[in-house]
Amino acid sequence: MIPLRSKVTTVGRNAAGARALWRATGTKENEFGKPIVAIVNSYTQFVPGHVHLKNVGDIVADAVRKAGGVPKEFNTIAVDDGIAMGHGGMLYSLPSREIIADSVEYMVNAHTADAMVCISNCDKITPGMLNAAMRLNIPVVFVSGGPMEAGKAVVVDGVAHAPTDLITAISASASDAVDDAGLAAVEASACPTCGSCSGMFTANSMNCLTEALGLSLPGNGSTLATHAARRALFEKAGETVVELCRRYYGEEDESVLPRGIATKKAFENAMALDMAMGGSTNTILHILAAAQEGEVDFDLADIDELSKNVPCLSKVAPNSDYHMEDVHRAGGIPALLGELNRGGLLNKDVHSVHSNDLEGWLDDWDIRSGKTTEVATELFHAAPGGIRTTEAFSTENRWDELDTDAAKGCIRDVEHAYTADGGLVVLRGNISPDGAVIKSAGIEEELWNFTGPARVVESQEEAVSVILTKTIQAGEVLVVRYEGPSGGPGMQEMLHPTAFLKGSGLGKKCALITDGRFSGGSSGLSIGHVSPEAAHGGVIGLIENGDIVSIDVHNRKLEVQVSNEELQRRRDAMNASEKPWQPVNRNRVVTKALRAYAKMATSADKGAVRQVD
């Protein structure tokens, strides 16, 4: 039997002072000696993905208490990338992942919690909590706040608009074809409910990946934030974590710990899912970071290999008019995993917080397995309510029928895949010897080969300026550098540049490469995570206006057509300059907090985690 971590503060004469303080928090006499479960919430009124979580912690806590645990709740910070987008606030987004991970570690270790339920949702919160879970390696269950419903709009000329989302609104703001009244209609409908933004953007991608990693319950990634069916997920999470405590502390079963569940094979399955669902490029960054925190031997080379063999089975906004509610109707993540499993593309010897084997897990939850439980079938009938609300569990609408069309539906089988390669591709070449990433699911295959002259800028702000002033021309490659983890610092998302290119009619006529990153809502020929970054001496820092840049997605190449000798001459000149590997004439306030992150941040190929050894 393994002693509870909390025993040091709850048992024995030496713990009298700590017990006195526990009593002051409401702990009862009969609760001492039971596992203390940290309810790691992330409620905030700043973020639609978290605005409905205030009372959710109580639901989880009640379930923990009924199952025999002692729940204690605390909150982490949560940054809304959409609100932070396009100004200095975005510098703080990625570093907030590390702050979240640190704060969870600090609270859990300082108070000797025995286990966690992580109530996450948006872009950096799930990854931050995941990093903490992999560090701490104590029993954990993830349960997110759920996706937002897609918006519905009718533009002023009476033409029905496709389902809308945040990206629709941003792109429309840069389009001359959309007047102010039309823009207002899109804006008013783009984000109609609480929840994480409704497409396969970063937040939803990561919440789906926790299912594949085995750390969350089926339906976690796709059940809408507004649907009453989501309440059962929170209740089950609280019940499950206490069972995991029993198995670990009572039976010494280390297989139920995060590192026992999220093994290398589980990481491979998660990235296979990511390729199949065309997830956000940010998922690569966050999965690499989680692997590093958990000391899992999984790196960019493994992801590259997976992308060569795993087909793209689903295209969801921003790459189509499908949204997360449509993914859910098609069976959610279990249906995608089921198709991959039938295609022989998953490791079978993995388990999860809710199942001891993959086959049983998918038999029960994949609506196409032929063995689906009634509970699973009922869950995936959960449909959007279609009304504006910030309230969780506010609708009980049901789909009349599920989407099981494996040929043309939201989730396809391997035979009817969109592409044979995965939806995410790693590119290498003299610009990115350590790798760069493109969301191939977001571009038509005829654009997979692109060559054009470079238009070099040294900040996101300058990139936006050259687009909106129509300085950039069709056929050019916009190079945005010094926006990496150290160079930014903070590796800003380039959502505004990509959305404005699209809104300006250049989304299929220009390419963009950067050592920064992209929002999960970005689409088009957008290549990010260029490593090494400019601030670390990467070749992207040596590109000059007019240099010919070639992109070959089929052959996974990213090159600048400049000789090695000329690149070395430029490198020597850069090293001899007064301020080498720094942006020229960039006016940006970088605080001490950001400088601290910049000093320790690795490039994107290492997940942009901090290197402190």
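Cβ coordinates come from backbone N, Cα and C, glycine included.
Not measured: the values here are computed from a predicted model.
Cross-referencing Asp81, Asp165, Asp515 with the Mg(2+) binding residues that Swiss-Prot gives (Asp123, Lys124, Glu493) picks out Asp81.
When secondary structure is read from DSSP and collapsed to three states, Cys122 ([2Fe-2S] cluster binding site) falls in the coil class. When secondary structure is read from DSSP and collapsed to three states, Glu493 (Mg(2+) binding site) falls in the strand class. Spacing of Asp81 (Mg(2+) binding site) relative to Cys122 ([2Fe-2S] cluster binding site) is 8 Å (Cα to Cα, whole number). Cα-Cα distances to Ser519 (active site, proton acceptor) place Asp123, Glu493 within 10 Å, out of the binding-site residues Cys122, Asp123, Lys124, Cys197, Glu493. Glu493 (Mg(2+) binding site) and Cys122 ([2Fe-2S] cluster binding site) have their C-alpha atoms 15 Å apart, to the nearest angstrom. Of all the binding-site residues given, namely Asp81, Asp123, Glu493, the one with the smallest number of surrounding CB atoms inside 10 A is Asp81.
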